[in-house]
Amino acid sequence: MVSTHIGGPAETVTVFVALSVGAIFIDLFMHRHDKPISLKSAALWSVFWVVVAMAFAGFLYVHHGAEVASLFVTGYALEKVLSVDNLFVMMAIFSWFSVPDRYRHRGLYWGIIGAIVFRGIFVAIGTGLLSLGPYVELIFAVVVAWTAVMMLKGGGDDDEIEDYSQHLAYRLVKRFFPIWPKLSGHAFLLTQKEVDAELAKPENKDVSVGRLKKAALYATPLMLCVAVVELSDVMFAFDSVPAIIAVSREPLIVYSAMMFAILGLRTLYFVLEALKQYLSQLEKAVIVLLFFIAFKLGLNATDHIWHHGYSLSATTSLYVVLGVLALGILASVIFPEKPEAENKES
């Protein structure tokens, strides 16, 4: 782990905020209408977010040097790769709630806003905990390694469909709001007046919600879906934040790397959804990277305890992350996933 200290210089923070907020407004303006996002559009927007991140990396290179820029790019690439598995979970959630493609971008937006907030909290806590000593790094190493082991053991469970009605987030929303059973545009909540208007429609004559027992607000399936996505991402952050902190203890580097990676996830989601069957080996790449990060954390912790002198530079970490990602993509091309019908026949 590299502990390059840059603090929180006003100029760097200003550029970070201006780039990220400006790009968010551009994205929101261009996607203000509820319509499906094509693969071409998603790919172009994914490139846009990578360019924004690399622009910030260029700023760091000019103002703070190659080492800091390398740490940022390593953290950014690592968060992108680790997020792939999380995006596949999001696909399963949207599918289970039967959310149409035209509403998924809006649902992802609110899910990612929550991710940005919680990542900030976890980064502050994580970097603060590491200041307590090397034994905290060992704990982080065990957490990351355990995640890799569980992913390895659960590799064959991809076809199992989870019942998200038993999810904690689902049950929490249901405790505070009655549930309107149908989507109502991109609305997350409906007022009693809106529910009455829905109940007046012939196709809703069999719906009993809101007829006898009235309420101020009703949660829609889109609200339930976003709540499940949000809590699932929080659980994912428990694994990803220690992994990114393994790259650097500098909060600004860690958070900015995660922030720019997360902001591009909405459009990356649609790219992965279209190319999912062609990226079948990426999960294995994620597992390899988690073991690498656990090793890096453990190596750094034992160096602090026993002073053996071994460590991995930021450049080496960057090469490993990019190399494993490239191998994962190459393996997916060489060993593509068999279609379901072919799997059943064999």
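Quick reminder: no glycine exception, Cβ is built from N, Cα and C everywhere.
Annotated in Swiss-Prot:
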type	residues	note
TRANSMEM	6-26	transmembrane segment
TRANSMEM	42-62	transmembrane segment
TRANSMEM	81-101	transmembrane segment
TRANSMEM	110-130	transmembrane segment
TRANSMEM	132-152	transmembrane segment
TRANSMEM	227-247	transmembrane segment
TRANSMEM	252-272	transmembrane segment
TRANSMEM	286-306	transmembrane segment
TRANSMEM	316-336	transmembrane segment
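Take the transmembrane segment (252-272) and the stretches 42-62, 81-101, 110-130, 316-336: counting Cβ pairs under 8 Å, 42-62 has the most. The stretch with the most CB contacts under 8 Å to the transmembrane segment (286-306), chosen from 6-26, 42-62, 110-130, 227-247, is 227-247.
The stretch in 42-62, 110-130, 227-247 that contributes the largest number of Cβ pairs under 8 Å to the transmembrane segment (81-101) is 227-247. Contact count against the transmembrane segment (6-26) (Cβ pairs under 8 Å) is highest for 42-62, out of 42-62, 110-130, 227-247, 316-336. Note on the transmembrane segment (110-130): residues 90, 136-137, 140, 188, 226, 229-230, 233-234, 237-238, 241-242, 244-245, 249-251, 254-255, 258-259, 262-263, 265-266 of its chain, located 6 or more positions outside it, place their CB under 8 angstroms from a CB of the stretch. Sequence-distant contacts of the transmembrane segment (227-247) (same chain, at least 6 residues past either end, Cβ-Cβ under 8 Å): 1-2, 71, 74-75, 78-79, 82-83, 85-86, 89-90, 93-94, 97, 107-108, 110-111, 114-115, 118-119, 122-123, 126-127, 130, 140, 143-144, 147, 164, 167-170, 172-173, 253-254, 257-258, 289-290, 293, 296-297, 300, 314, 317.
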